[in-house]
Amino acid sequence: MATIDKHSYAHMFGPTIGDRVRLGDTDLWLEVEKDFTEYGEEVKFGGGKVIRDGMGQSQASCFDTPDLVITNVVILDHWGIIKADIGIKDGRIAIIGKAGNPDVQDNIDIEIGPGTEIIAGEGQIVTAGGIDAHIHFICPQQIDEALMSGVTTMIGGGTGPATGSNATTCTPGPWNTHKMLQATNDFPMNFGFLGKGNTSLPIALEEQIEAGVCGLKLHEDWGTTPASIDNCLSVAERYDVQIAIHTDTLNESGFVEDTLGAFKGRTIHTYHTEGAGGGHSPDIIRACGESNVLPSSTNPTRPYTINTIDEHLDMLMVCHHLDPAIPEDIAFADSRIRKESIAAEDIMHDLGAISMIASDSQAMGRVGEMITRTWQTAHKMKQQRGPLAPDTERNDNFRLKRYVAKYTINPAISHGISHEVGSIEIGKLADLVLWKPAFFGIKPAMIIKSGFIAAAPMGDANASIPTPQPVYYRPMFGAHGQAPANTSMTFMSQASLDAGVPDKIGLTRMVSACKNTRNIGKDDMIHNSWQPTIEVDAQTYEVRANGELLTCEPVTTLPLAQLYCLF
């Protein structure tokens, strides 16, 4: 068999087993664990290349071949880091393995035919589309920002720049819910809306769930009392939807112990569990040790830098309608911003005690930076804490799996949508993000919705080739016409689907019911299920996990930052 040198092979077909890839300008290194392609039998498209009639392409009917194959790509997901070809059929991942023509090649899993499109994945990394589970739907322009960053699913609440939506992730009531469902029908993004959960009687919650929300949100600005918590969770248990909560910063209606008691062991997603984004001061972070709590962070505290504290005070005053002329409002803001718990938050992410990261879009968070902030946190922790067992100095594979799970599979599990999205697995929607390694985590090379390209960097449309400047992110055909509705999904309660809500309000897009939200717990958070005993010193705000002080220094510089954002 003819061979080529390793450098030439990597340049032509991408890395293989044992090869390492640096992610962006971080200190994080990926190492390929398994390669499904076969040396000498790789498929590649182009003039004089393999995927031609009678060579790498068969004569098979379109019914028997994929609509799209991504060739020779490195998959980074919670379950592994492998190199493979990915076959996509009818908008879903059909098979992961070796592509080619079984007429002339052995051991072919994916048959390429005349009806198959090709995306060259050589030298690139593919991840599942990001899931941002803390969205304030304040303006529709957020959707483009999120999509271009690699997010393909947005879960949250809001009705636009209403005062309530600026502060709380709630879409209150059936009328507002229907309007938001209709408004988002034609966007190339998956959606799930959270209704307002703050009430002590069931009827208004039942109406919202039956109207089409995928869950409910309890927010302190609407009054997160023990009675409303108990009532909201009781309704959720009957309807199989998730509850998200922003707890009582001022401890007016109870302390963290009262809130944890009101949960009564029932599953709940705690937003910004460190507390800077809101929650019992100073010790809401204790919730990370509870088996029924699914904790997440929002990205403004990710990671802890020299600017984190200062910018939070200004953000808080605006987002929560506070008045700097009122001393009590200033005290409220000061009570939420604690450097000790923000430092501990970094370490708790690295140890898997906080399971998810989201944005808190335009309400103390940046919708286009969820993925970037996640990898910046991973980089900072490697710099400050070294390899994360069982990793060695050679690669960071386990750390990468832990962190990618925080914005893909774990929010999908938490909100009952992991049967449709959240990972690169057979049968799920082909919501995929391609990255060139040098731009990993900040500038995607392509965003694919259900197997169809929705967004990508693109050059001058009047140029003779696709690459001349100015190159910037633009919507592709998957973002136009009827394509978004046929490649994107809205997640709703089963009760609303049973009631025929999509047809009644004229939705034309795909819909799916969220499910299995009430029989899960922290143990189900992949690579992020640690449940330590958390203690917070009420005077110093120091955080300890199982007796060990959790602290780290803020950093002065970060990767995936100005170097990539000059224009």
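Here the Cβ of each residue, glycine as well, is placed from N, Cα and C on the backbone.
Taken straight from Swiss-Prot:
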type	residues	note
ACT_SITE	His320	active site, proton donor
BINDING	His134, His136, Lys217, Asp360	Ni(2+) 1 binding site
BINDING	Lys217, His246, His272	Ni(2+) 2 binding site
BINDING	His219	substrate binding site
DOMAIN	129-567	domain 'Urease'
MOD_RES	Lys217	N6-carboxylysine
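Taking the C-alpha atom of Asp360 (Ni(2+) 1 binding site) as reference, the shortest distance to any of the binding-site residues His219, His246, His272 belongs to His272. Comparing Cβ neighbour counts within 10 Å across the binding-site residues His134, His136, Lys217, the minimum falls on His136.
Compared over the binding-site residues His219, His246, His272, the count of CB atoms lying within 10 A of a residue's CB peaks at His272.
Residue environment of Asp360 (Ni(2+) 1 binding site) contains 29 other Cβ atoms, counted within 10 Å of its Cβ in all protein chains. Sequence-ordered, the extra residues of this chain that approach the Ni(2+) 2 site, with Cβ no more than 8 Å from the Cβ center of Lys217, His246, His272, are His134, Thr168, Thr169, Leu218, His219, Glu220, Ala244, Ile245, Thr247, Thr270, Tyr271, Gly277, Gly278, Gly279. Distance between Cα atoms for His134 (Ni(2+) 1 binding site) and His272 (Ni(2+) 2 binding site): 9 Å, as a whole number. Listed in sequence order, the binding-site residues from His136, His246, His272 having a Cα within 10 Å of the Cα of His219 (substrate binding site) are His246. Rounded to a whole value, the Cα-Cα separation of His136 (Ni(2+) 1 binding site) and His246 (Ni(2+) 2 binding site) is 13 Å. Mean model confidence of the domain 'Urease' (129-567) amounts to 96 (pLDDT, 0 to 100 scale).
Across the fold, the C-alpha of His272 (Ni(2+) 2 binding site) and the C-alpha of Lys217 (Ni(2+) 1 binding site) stand 13 Å from each other.
When secondary structure is read from DSSP and collapsed to three states, Asp360 (Ni(2+) 1 binding site) falls in the coil class.
Reduced to three states, the DSSP call for His136 (Ni(2+) 1 binding site) is strand. Mapped onto three states, the DSSP output places His272 (Ni(2+) 2 binding site) in coil. Residues Ile135, Gly156, Gly157, Thr168, Thr169, Ala244, His246, Tyr271, Thr298, Ala358, Ser359, Ser361, Ala363, Gly365 surround the recorded Ni(2+) 1 site, their Cβ atoms falling within 8 Å of the Cβ centroid of His134, His136, Lys217, Asp360, which are themselves excluded.
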